[in-house]
């Protein structure tokens, strides 16, 4: 029996090897590895960001420096350990010099650790945590999505001046949620806003009846919400069911189009900070229409959501960087990207890449959902803020990860 | 061991196959997968001491692995920064053991489903703690900056040297775990699995034996977790997620942990390698993966090695055991 197990081991090894040998070998094209959720809870978000990346690549004719560009997709499963393994595969087996993707901040931090170890350039596309360009910042990572500091401060001013000055917080009870509330609180202090209460909600909560009752009775004008994912979809529905909108305004520190789209029109009434809205101007409209035409299988109509835009932007920054550097050498590309400005980004304000914290800065929109709207034009943009005015300053975030420091 | 029995020993082939891993074409480039495989072997072998040998359904074993990871990571970052990783790995193992000791003592006499639920609850508590305690564990964004420097003075920053470090640990742990499994202690465990009431009447303190094997298993799981954090260069709360505990159960059952000592190794090999290979070529790989798992369980409910060993079984005792 013993030798039979031994033989089986040898057989398995041979089987694995033969399977592996038939795999394609690495060669000439510039390879960009995308670690992005293909399956699971965030599969839709992953699909959107990959859609954006492909669109940007097509703008460059799928080529840079005369060499074809190949995208290699690996499923992150929204799990840092799996994502790190997939990132290592992209580097070790596929020979990718550039990585991109991640929907959550923990996945981004995990991939970033792998990228740094292998000296590979990584673009964190869709995690909003403040740590990504503070304690977790490093030379080999650019943070494309706005941090919570930018998002919250981008909307706080308008909300305090025009909507209400008594705030009640509902927060997802982990670091990301805490950071949203912390920034809102810091802004509130400056703007003369009073806090009337706070509820921290554990991850995985789907029934908000007691929390909403408490919020209703608090006498607040504004309910400040920092929640994400399926919990948030449940909360959005219950906000309407419990008639919270009759009592107070609701302001989301971050909202995804794809999360609010499944609601009935009359259930959509909140204010929210977003990174982009497809109906912002003619260019974004045209872009969203093009995306919809080219991708019949999208999670929402007019699929230009936060993730799509950040994916598009990351790819555009990378390809522009490679083109300007004239080489695909990672360190030279990082040097070129630091301080890069992109004007044709479809927005009111240009995109800038800060050298010292590797944060990409574009613009924050404050939107109001319109319950009377029909079709995908469910939001109205009420304020556009230049993200440079709300991003953390050097004094607030004393780090320097620039490659030429 | 007699020379003849060495050539008949599956470990010889396993060790040989993995000693040469970095030189394999294609897969050899993916050195870190090899390291991860070896660590997963240690993890599943230790887990099988509980499930396969003692019939302890420790469905929260990922918690012990995670405790090892965080124990090592915190030691490395706060107690021994700049020094080698040797001490951190040892402390990681001990942290896993500590977790197992604390929980194991409380639940040593719980049976079946109750034991399983308690271990799952334990891993959820650890997850909650880790996910929320930002100051210590980094919360959502975890601990990073675990750049492995040296081990006992050897430079292990490259992926191949680290692979061989993991290989060394694997060889030692694998042999130790088999010694435990075949010792009189291991035999007692098997008697507890086969008939706990009878074992009690024979005078064995079954609760104490269960506690001991759980603690030992925790040590090896913690060790694997500790080595893993230096492979990843980071530690995240998600390691305590129930899916991690699920993975080890699936891998062990797939290979046939209840049928053979080597089941967990075969299972983890298939579990990890197939997952990586299929997911590289097909977006909807989870579907294929799920079907594959269902098929295996339908065809051979005792796992892959069950196909081989069950032929040798008479009256539930394998030929191998009757001979030895």
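Cβ coordinates come from backbone N, Cα and C, glycine included.
The stretch that TrEMBL tags with transmembrane segment, taken from the ranges B:162-181, B:182-201, is B:162-181.
At the 8 Å Cβ cutoff, the transmembrane segment (B:211-236) and the transmembrane segment (B:162-181) share at least 3 close pairs (sequence separation 6 or more) and count as touching. In this chain, the transmembrane segment (B:114-134) lies out of contact with the transmembrane segment (B:12-31); the count of Cβ pairs under 8 Å, excluding pairs fewer than 6 apart in sequence, is fewer than 3. The stretches the transmembrane segment (B:162-181) and the transmembrane segment (B:286-308) do not meet in space: the count of Cβ pairs below 8 angstroms, excluding pairs fewer than 6 apart in sequence, stays at fewer than three. Sequence-distant contacts of the transmembrane segment (B:248-274) (same chain, at least 6 residues past either end, Cβ-Cβ under 8 Å): 10, 14, 27, 33, 36-37, 40-41, 43-45, 47-48, 51-52, 59, 61-62, 65, 178, 181, 289, 292-293, 296-297, 300, 302-310. If one looks beyond the transmembrane segment (B:114-134) by at least 6 residues along the same chain, the residues whose Cβ comes under 8 Å of a Cβ in the stretch are 56-63, 66-67, 70, 99, 103, 106-107, 140, 237, 240-242, 245.
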